[in-house]
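Taken verbatim from TrEMBL:
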- 11-91: domain 'ERCC4' (DOMAIN)
- 219-229: compositional bias 'Low complexity' (COMPBIAS)
- 219-239: region 'Disordered' (REGION)
- 230-239: compositional bias 'Polar residues' (COMPBIAS)
Amino acid sequence: MGKLFNRNEIVIVADYREKEAKIINELIKLGAKINFANLSAGDYLLSERLVVERKTYEDFANSIIDKRLFEQASYLRKYYEKPIIIIEGKGPIIRNISMEAIRGAMISLILDYGIPILIAEDTEEAAKFIITLAKREGRKEDLRTISLKDRRRAKTLDEVREYVVASLPMIELKTAKKLLSFFGSIEKIFTASERALMMVEGIGPKKAKLIKTIVSGQYGSKSSSGVSSPLDQSKSKVS
């Protein structure tokens, strides 16, 4: 556990897929300390209850077209009390979607999902929004603490099981559900061979090897902290 906000610094937990994003440098310039984690929902975790999903204008429009937007909104609302979406930049007219559809999606997010939307002119302004949110949340929550893994409000045993599996590096919630559906239990997942793990959609050789290394490796061994650990590969988008 670490302090999210104190007098000297703001700590933001960013999804590892945002590591190369330009906004990371902007956040650092504004005084934030960035930790990276495998977040199952959202891009920037500012407290146990507040998460920010950042989308460019084009990505927002495309996520409406391919129907990702409202699935993502459901996850944001399920896991966090205060999700916020920041739309960054001004984009050209996107083919296959009208401005009316874009406005309708924004209204649906606000009214149906209870997710506020902030419009940022560019990456710099988006970073300023995130910093301001983090500072406000820090004051409001009186030095709220947070773990590097997003804390979920599991309501059922199955959701707890999903949380346990999805806490592994490179394993998203969707893949965790596929693993549990295929094997039936966490125990069977953890005792499965690499070949068996690769029978599940979304699990390739690297992910299978990483899972086996984590569940079978000896705690405190040299390989657990070595620079060549499979964890170093978990930041890439490979299977």
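Just so you know, glycine gets a Cβ as well, placed from its N, Cα and C.
The average pLDDT computed for the domain 'ERCC4' (11-91) is 89.
DSSP labels the residues of the domain 'ERCC4' (11-91) in these numbers: 31 helix, 27 strand, 23 coil.
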